[in-house]
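Trainee: Pasting in a structure now, in structure tokens, and then I'll have a few things to ask.
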Amino acid sequence: MKAKKYIWSMICVYMAYLTHGMQALIFSQNQVNFATKWGFDMSNPESAAYAAGVAAVSTAIAWTGFGKFISVWIGGEISDRVGRKKLMIGGAILYIICFATMFVTNNATVAAITGLLGGIATSGFWDASGYPAVQEAYPAAPGSALIMIKFFVALSSIFYPLICVQTAAAGNWKINIVIPLVLSCVVLVFACIARFVYDDEKAANAGSGSDKRADQAEIDAAKARQLVAPGKFTAFLTYFYAFLVMAVMYGAQQYTKAFGLAYCGLSEMQAASMTTMYQVGSIVAVAFWAVMMSKLKWHPLKVLIVDAVITAGSLLAVLLVHQVAIVYIAILILGFGCAGGALQTGLSVLQEFVPGPKGRNTGIYYTFMGAASYLMPVIVAKLTVISGESKAVYTLMTLMFILAVVQVVATLYLILRYKKVFGTTPLAKAE
């Protein structure tokens with residue numbers, strides 16, 4: 001019943017992440033057009049000017065990650081204090097400013113600042129309020145509510161790269177900025193009219209302290225399930241998991257197209273369709289894991305170990321085999337493994353191992369995510385200047401494979417630790 005009462009808040013959050021799916025790709029999918037707009041000569045892919053333009057775009061992407069990194073930790077605290085609605089509204093306003101400025105500016109530095117604003121809006125405002133909001137609106141299956149966020153990110157990410165190629169070919173590439181700008185305005189309207197569970201309960205319990213007592217009772221009950229304390233290293237690993245997942249996911253999301261152009265001999269449309277294949281894999285995974293967790297009661301750690309192994313295996317295939325058909329299949333499988341909700345599922349594992357205020361835990365978790373979002377494009381920008389775009393992208397893919405292997409090891413450790421902390425194995429068949 002609660003889900004029906006707060007359906008507009010869920011629609012608001014999911015629409016926000018539909019928009020975010022475009023914001024996350026806007027620089028990489030319009031790389032040449034943005035660099036040209038900022039004054040770089042992109043006529044010769046082998047020239048130093050072209051490499052400088054690519055590096056400028058990667059810098060703008062990096063600033064998006066930096067915006068996430070500096071804002072998400074405090075965003076969670078603010079969300080717990082002032083409620084979800086205000087942060088959803090604030091994020092929409094920042095998105096509108098971001099895309100409007102992106103549309104008019106011809107300066108790479110100003111464009112990088114729009115990336116910073118986009119990162120702050122996404123993590124400091126929307127992640128900090130939207131993630132807990134959907135869990136609170138759908139308490140019967142909070143894991144499924146979370147993973148649906150990924151569904152909407154993937155949905156826009158499937159179509160957006162193809163739209164970018166078509167509009168660029170028609171000479172109207174700025175439409176690729178207008179679309180998320182309009183959607184941001186829609187999110188703002190929804191955020192203004194929607195009711196949020198946390199805000200309503202906070203208002204109802206204002207001055208009584210009962211809301212804090214209820215939250216603490218929930219935390220205490222979660223801690224009471226633990227036979228032994230998880231330990232500091234385990235707690236750290238549940239937070240650091242966001243870095244591992246996001247580093248691979250962000251690298252694949254941003255640079256799959258560049259890899260296809262450099263190593264598979266693809267056209268712009270074919271390379272863009274690789275990004276689409278990646279997102280198709282992720283959207284299939286979202287639907288699949290939603291069923292496995294809500295209907296068959298798979299534990300999140302069981303989901304994560306499958307995801308981690310699939311991610312490592314598909315990246316190895318991409319690195320070793322450059323045949324177009326095999327790379328397409330590997331990219332599809334990669335999307336299933338690393339972009340099918342692993343980030344959101346990891347958050348539910350964190351909440352189980354380290355019970356605490358949802359806003360605060362989300363904030364810390366996504367701080368690690370923000371660090372990955374910042375570091376990966378910085379690495380590409382530096383490597384592009386040193387060795388050129390092709391070698392930089394291949395080196396990045398190799399790094400992603402190494403991190404995927406670390407993710408497998410980390411997940412296995414958490415599975416073993418779970419059995420000791422809770423007395424049951426997360427791999428067991430649900431009763």
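Glycine is treated like the rest: Cβ placed from N, Cα and C.
According to TrEMBL:
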{"type": "TRANSMEM", "residues": "7-27", "note": "transmembrane segment"}
{"type": "DOMAIN", "residues": "9-422", "note": "domain 'Major facilitator superfamily (MFS) profile'"}
{"type": "TRANSMEM", "residues": "47-66", "note": "transmembrane segment"}
{"type": "TRANSMEM", "residues": "87-104", "note": "transmembrane segment"}
{"type": "TRANSMEM", "residues": "140-163", "note": "transmembrane segment"}
{"type": "TRANSMEM", "residues": "175-198", "note": "transmembrane segment"}
{"type": "TRANSMEM", "residues": "233-252", "note": "transmembrane segment"}
{"type": "TRANSMEM", "residues": "272-291", "note": "transmembrane segment"}
{"type": "TRANSMEM", "residues": "303-321", "note": "transmembrane segment"}
{"type": "TRANSMEM", "residues": "327-350", "note": "transmembrane segment"}
{"type": "TRANSMEM", "residues": "362-380", "note": "transmembrane segment"}
{"type": "TRANSMEM", "residues": "392-416", "note": "transmembrane segment"}
Trainee: Any chance the transmembrane segment (140-163) and the transmembrane segment (362-380) are in contact, meaning at least three CB pairs closer than 8 A with a sequence separation of 6+?
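Mentor: Contact criterion not met.
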Trainee: Considering only Cβ pairs under 8 Å, which range in 87-104, 272-291, 362-380 makes the most contacts with the transmembrane segment (233-252)?
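Mentor: The stretch I would name here is 362-380.
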Trainee: Is the transmembrane segment (392-416) packed against any residues at least 6 beyond its ends, judged by a Cβ distance under 8 Å, and which are they?
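Mentor: The answer is 234, 237-238, 240-241, 244-245, 247-248, 251-252, 255, 258-259, 262-263, 301, 304-305, 308-309, 311-312, 315-316, 318-319, 338, 349, 353, 376, 379-380, 383-384, 386, 425-427.
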Trainee: Between the transmembrane segment (7-27) and the stretches 47-66, 272-291, 303-321, work out which stretch tops the count of Cβ pairs under 8 Å.
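Mentor: That would be 47-66.
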Trainee: Select the range from 47-66, 272-291, 303-321 that forms the most Cβ-Cβ pairs under 8 Å with the transmembrane segment (362-380).
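Mentor: Checked against 47-66, 272-291, 303-321; highest Cβ contact count belongs to 47-66.
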Trainee: Can you name the far-off residues of the same chain, 6+ from the ends of the transmembrane segment (47-66), with a Cβ under 8 Å from a Cβ of it?
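Mentor: Answer is 23-24, 27-28, 31-32, 34-36, 38, 40-41, 108, 111-116, 118-119, 122, 250, 254, 370-378, 380-381, 384-385, 388-389.
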